[in-house]
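Okay, so here's the structure we're looking at.
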Amino acid sequence: MSKYKRILLKLSGEALASTTNIIDPVTLNKIVDIIKSVLSQNIEIAIVIGGGNIFRGETLTKTGINRITSDHIGMLSTIINALAIADTCQKNKVDALVMSGLSIGGGICNSINHIYAKQALKKGKVIIFCAGTGNPCFTTDTGAALRAIEIGADAIFKATKVDGIYTDDPVKNPNAKRYNSLSFDEAIEKNLQIMDVSAFALCRKHDLEICVFSMLENTNTLSDLLKGKLLGTIVRK
């Protein structure tokens, strides 16, 4: 039996894209299969999605757009991604609910309410959080840390392009070694860029475990991690 009862999965927006599609339907279905595998273990799951496949606020500022406006555009991009994931969930008979850090009218999605979110998770629904913290100048990593704390998640599972945290960039350095586990203090001391400083500080303060792993190459990876297999890198106190 897994030690996890409720998890938060952090996905980048880029993970949804392919060479031909901003939002790739094959990838969406893979993500839903992964969600199903988590639910089949009687583990509750919430997701925080980025928007970098559409617009990234930090990138837009380089074009001359005001930083605050750029971040708002980036947050709207995450809402688009969340709706796409939720729609694919519903098509596959997975009950999903989108909750946004920005107030969006017209019945498009719900505003974030941590009490309602926890109640929905207990009923087996998947919560897809979007729009980060709802404020500019914060990353979706910080949004993930905040939402995980709000819903009382046991851990954040951060899906990345590589299968964990390494001593160096494994793409540039083939001799880089992967860490199986790290303490928060070790990660800070070694200056390992796991999350931005604000997100990492929140996780450390609230003793919120972080697992960094690669998800889409093998759709069983998250399920295997939840069963206790030593994959990726765990960061804890």
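For all residues, glycine too, the Cβ spot is worked out from N, Cα and C.
Residues or ranges marked as ATP binding site by Swiss-Prot: Lys10, Leu11, Ser12, Gly13, Gly52, Arg56, Thr160, Tyr166, Asp169. According to Swiss-Prot, the UMP binding site annotation covers Gly51, Asp71, Thr133, Gly134, Asn135, Pro136, Cys137, Phe138, Thr139, Thr140, on the basis of sequence analysis.
Locations of recorded Swiss-Prot features on the structure.
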{"residue": "Lys10", "record": "ATP binding site", "Cβ contacts under 8 Å, 6 or more apart": "Ile47, Val48, Thr140, Asp141, Ala144, Ile156, Phe157, Lys158, Ala159"}
{"residue": "Ser12", "record": "ATP binding site", "Cβ contacts under 8 Å, 6 or more apart": "Gly50, Gly52, Thr140, Ala159, Thr160"}
{"residue": "Gly51", "record": "UMP binding site", "Cβ contacts under 8 Å, 6 or more apart": "Gly13, Gly74, Met75, Leu76, Ser77, Thr78, Ile79, Ile80, Asn81, Cys130, Thr140"}
{"residue": "Thr133", "record": "UMP binding site", "Cβ contacts under 8 Å, 6 or more apart": "Gly101, Thr142, Gly143, Leu146"}
{"residue": "Asn135", "record": "UMP binding site", "Cβ contacts under 8 Å, 6 or more apart": "Gly101"}
{"residue": "Cys137", "record": "UMP binding site", "Cβ contacts under 8 Å, 6 or more apart": "Arg67, Ile68, Asp71"}
{"residue": "Thr139", "record": "UMP binding site", "Cβ contacts under 8 Å, 6 or more apart": "Gly132, Met195, Asp196, Ser198, Ala199"}
{"residue": "Asp169", "record": "ATP binding site", "Cβ contacts under 8 Å, 6 or more apart": "Ala176"}
At a 10 Å cut-off from the C-beta of Gly52 (ATP binding site), count the other C-beta atoms across all protein chains.
21
Output field, UMP shell: CB within 8 Å of site CB centroid, site Gly51, Asp71, Thr133, Gly134, Asn135, Pro136, Cys137, Phe138, Thr139, Thr140 dropped:
Gly57, Gly74, Met75, Gly101, Ala131, Gly132, Thr142, Gly143
Rounding to the nearest whole angstrom, report the longest C-alpha distance spanning Lys10, Leu11, Ser12, Gly13, Gly52, Arg56, Thr160, Tyr166, Asp169, listed for ATP.
25
Where Lys10 (ATP binding site) falls in three-state DSSP terms
strand
Could you measure the widest C-alpha to C-alpha distance across Gly51, Asp71, Thr133, Gly134, Asn135, Pro136, Cys137, Phe138, Thr139, Thr140, the residues recorded as binding UMP, and give it to a whole number of angstrom?
15
